[in-house]
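J.: First the structure, which I've put down as structure tokens, then a few questions once you've had a look.
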Amino acid sequence: MKSLLLFLKSQVFGLTVETLNGERNGDFEQQKENHGAKNVAPQGIPYQSSYYGQKEQAKRVIDGSLASNYMEGDCCHTEKQMHPWWQLDMKSKMRVHSVAITNRGDCCRERINGAEIRIGNSKKEGGLNSTRCGVVFKMNYEETLSFNCKELEGRYVTVTIPDRIEYLTLCEVQVFADPLEVDGTEASDSSESVDGTEAPASPESDVELPIASGMNVDLTNKSFMFPKESDINHVKLLPEKAMSLKAFTLCMKVLLNVPENRETILFSYRTMFYDELNLWIERDGRIGLYMSGDGIIFPRMKFKSEWNHLCLTWESKYGRTEFWLNGRRSATKVYHQKNTVRSGGIVLLGQDQDSYGGDFDKTQSFVGQIKDLKMWNKVLPLRSLKSLFKGREIGNGNIFDWSSLSYSMIGNVAEV
């Protein structure tokens, strides 16, 4: 699946921490007066990960206009792809006070949800691993939001939609920044060498780089191995379709290497503010399911010291929820009747997300191996579940399927 990244207009403004705390929309000329920095975006060079139309679109984001109709040529637009991005080369290192972005006004306001603004000194992969300035939770049509970057330093400003296939559309980006000075002179650019090749970027202490990733990879007869307790190691899964769910079946095989009396996360799906679908082994060995609030607990079942095959089913209409382990049903419960699992989140194996995509606790991390993960946006019939437990082929999962999985591995995770 491919995603489109749609940029309207982006502007970067510099503000002191005292004058802007977090995101804000309003009078940007007043912001400029507060922090004294000017919008440097129009003097920069824009790039983007792909082009839905002409390459000149990238420049529309820094033309100084807050017009927001893509059909009238006001915005830039990427193809639908995994983590699309738009990047501004400010030509030298700058101290960035704030960045403001303007959303599209004629269509598709929700596409920008979850976008991240990043500042750094590397243009590699669009600066996706640079330091994060802010996250767009939600924007209205034509809305302009400003994000306090707290004087982050770097040459490149990136707007990206991470961890999902999407279009990126921006109508204006404004960057309020001051040139960096070293011993009274402006700092020279060190991100490129004299022959034009990119120099190594300085490491960001709070960023863990992917060690491997793939799109629609066949992992048949392979597994993800999490060798030890960690607050880093995890795998991000990229769904084949939006996870707006009124029913699901989630199945996987796990080989555990954890002591008794330890909480262990099996599957974590979180949107910006909520745990949408978290599956746990509780401290007492029972199974816990948590979907946006209070959870339910299934009776303890004996996990084998070898591979264990588990399945979880849920449907919204009646709230019928079941957990299966190695072909045996633990219990049937009524849970979250009439509710919906919301889309736009991050799916992780190996870690529980206490915040959107982060705040991991190594004492809850998964240790062992996971394989044969499949997920459907429906409850499979009993016959299909029994066939699955017997190792028979029942067709591919339409959200996740082990024979065509899109993912990225972070930290010390091995594909074996």
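Backbone N, Cα and C define each Cβ position, glycine as well.
Keep in mind it's a predicted model, so treat the numbers as computed, not measured.
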J.: Besides GLN353, ASP354, which of ASP218, ASP231, ASP275 does Swiss-Prot list for that Ca(2+) 1 site?
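T.: Record check against Swiss-Prot: Ca(2+) 1 site with GLN353, ASP354, extra candidate from ASP218, ASP231, ASP275 is ASP275.
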J.: Can you check which residues sit near CYS311 (disulfide bond), meaning Cβ under 8 Å from its Cβ, same chain, 6 or more apart in sequence, and list them in order?
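T.: Sequence-distant Cβ neighbours: THR249, LEU250, CYS251, PHE323, TRP324, LEU380, LEU385, LEU388, PHE389.
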J.: Cβ distance under 8 Å to GLN364 (Ca(2+) 2 binding site), same chain, sequence separation 6 or more: which residues?
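T.: Listed in sequence order: GLU263, THR264, ILE265, GLN351, ASP352.
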J.: Measure the Cβ-based neighbour count of CYS251 (disulfide bond), defined as the other Cβ atoms within 10 Å of its Cβ.
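T.: Excluding its own Cβ, the number within 10 Å is 23.
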J.: Quick check: in three-state DSSP terms, what is CYS251 (disulfide bond)?
T.: strand
J.: Average the per-residue pLDDT over the domain 'Pentraxin (PTX)' (220-416) and send me the rounded value.
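T.: Within the domain 'Pentraxin (PTX)' (220-416), the model's average pLDDT equals 92.
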J.: Provide the three-state secondary structure of ASP354 (Ca(2+) 2 binding site) computed with DSSP.
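T.: DSSP call for ASP354 (Ca(2+) 2 binding site): coil, neither helix nor strand.
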